[in-house]
Amino acid sequence: MTPWLGLVVLLGSWSLGDWGAEACTCSPSHPQDAFCNSDIVIRAKVVGKKLVKEGPFGTLVYTIKQMKMYRGFTKMPHVQYIHTEASESLCGLKLEVNKYQYLLTGRVYDGKMYTGLCNFVERWDQLTLSQRKGLNYRYHLGCNCKIKSCYYLPCFVTSKNECLWTDMLSNFGYPGYQSKHYACIRQKGGYCSWYRGWAPPDKSIINPTDP
């Protein structure tokens, strides 16, 4: 079993959903959670790929040109290769070569970066301005907060460090408004609340349950 098979259980997030496979099931995750729970978060362009004999169906190794690192400086300051299962049924990730820049998240095992469909992976040009700002600064501010998923009403926060994530009520399986435009950030007094805007966070602007 390759390290990625264990990663599927450890980290679930939205990814390039058009490439989902029947046997690959991922729990939805806000991009902030994906950021905070990943060893590596980078922007990169894929410049090559090869199939190696590792795991039951092989492993795809992508050669990348790293544009910027947002998280993982102590784990792996510069990433040259990313590894993923060759089979989409095992959540293997298919990326275009010499075409797009991608936002890539993943884990580090034995000095290698692994990623897949259950990680947050998106074309850079498809990210919202708020998501880009989250990667640069805001998501980091909320890594001590907890984003609580709401699948059915009624839903409530149960502690001051929670933000209620309600995208699944109307956008189950797809990124919704909170995912695209909000970050859950710790405010004065230790409270966490949804934040969107240009000024410094202020807990009086927005509450934990209403984005």
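The backbone N, Cα and C atoms fix where each Cβ goes, and this holds for glycine too.
Nobody curates TrEMBL annotations by hand; they come from automatic prediction.
These figures come from a predicted structure and were not determined experimentally.
Noted in TrEMBL for the protein shown:
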BINDING   Cys24  Zn(2+) binding site
DISULFID  Cys24-Cys91  disulfide bond
DISULFID  Cys26-Cys118  disulfide bond
DISULFID  Cys36-Cys143  disulfide bond
DISULFID  Cys145-Cys192  disulfide bond
DISULFID  Cys150-Cys155  disulfide bond
DISULFID  Cys163-Cys184  disulfide bond
DOMAIN    24-143  domain 'NTR'
SIGNAL    1-20  signal peptide
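Separation of the C-alpha atoms of Cys155 (disulfide bond) and Cys26 (disulfide bond): 22 Å, rounded to the nearest whole number. The Cα atom of Cys36 (disulfide bond) lies nearest to that of Cys145, taking the disulfide-bonded residues Cys26, Cys118, Cys145 as the candidates. The two recorded residues Cys145 (disulfide bond) and Cys26 (disulfide bond) have their Cα atoms spaced 22 Å from each other. Applying DSSP to the domain 'NTR' (24-143) sorts its residues as follows: 25 helix, 45 strand, 50 coil.
Across the fold, the C-alpha of Cys91 (disulfide bond) and the C-alpha of Cys143 (disulfide bond) stand 26 Å from each other.
For the recorded positions Cys24, Cys155, Cys184, Cys192, the largest tally of other C-beta atoms within 10 A is found at Cys184. When the CA atoms are compared, the recorded positions lying within 10 A of Cys143 (disulfide bond) are Cys184, out of the candidates Cys24, Cys163, Cys184.
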